[in-house]
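Chemist: Dumping the structure here so I can ask a few things about it.
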Amino acid sequence: MPPRLSPPPWPPPNPAAQRLGAIRSGRMAMTDLLSAADIKKAVGAFAAAESFCHKKFFDMVGLKKKNQEDVKKVFHILDKDRSGFIEEDELKFILKGFTPDGRDLSDKETKTLLSAGDKDGDGKIGIDEFIILVAES
């Protein structure tokens, strides 16, 4: 008698939902979306204190060339507490979100980045604000 096969899963898995689940669970790395070489180069370019420029960084890391879905994925990776927002304390460590070797932003750099991205003035950057921030870079 032939072995009994189990039926396929129902409903069939949704690939988009699986990818989002991987991002939110922390299983997706920034290098799944962006080139490791570009990340290293961009983070290295802003290694000096008070040198961070989000416009140049997003361009150098290759984020500006990405489609909106990939930018959303990057947002979810940077949203460490899974709140749906990138708050000031998460922005301070944004370079570490791209690579563990990244430095912490200074308070001044963090506030500059927050003011550039926080379009509605609530003190945090939502996903739509992040998409605009990247597009304006």
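Cβ coordinates are placed from backbone N, Cα and C, and glycine is handled just like the others.
Pasting the feature list from TrEMBL:
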type    : residues                                              : note
DOMAIN  : 66-101                                                : domain 'EF-hand'
BINDING : D79, D81, S83, F85, E90, D118, D120, D122, K124, E129 : Ca(2+) binding site
DOMAIN  : 105-137                                               : domain 'EF-hand'
Chemist: Around K124 (Ca(2+) binding site), how many other CB atoms lie within 10 A of its CB?
Modeler: 20
Chemist: Say we define neighbours as other CB atoms within 10 Å of the CB. Which of the binding-site residues D79, E90, D120 has the fewest?
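Modeler: Result for the binding-site residues D79, E90, D120: minimum number of other Cβ atoms within 10 Å at D120.
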Chemist: Short question: which residues 6 or more past the ends of the domain 'EF-hand' (105-137) have a Cβ under 8 Å from it?
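Modeler: For the domain 'EF-hand' (105-137), the far contacts come to 49-50, 52, 54-56, 58-59, 63-64, 66, 68, 71-72, 74-75, 78, 84-88, 91-95.
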Chemist: Let's see if you can do this one: DSSP helix, strand and coil counts over the domain 'EF-hand' (105-137), in that order.
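Modeler: Its residues fall into 21 helix, 3 strand, 9 coil.
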Chemist: For the domain 'EF-hand' (66-101), what's the model's average pLDDT?
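Modeler: For the domain 'EF-hand' (66-101), the model's average pLDDT rounds to 97.
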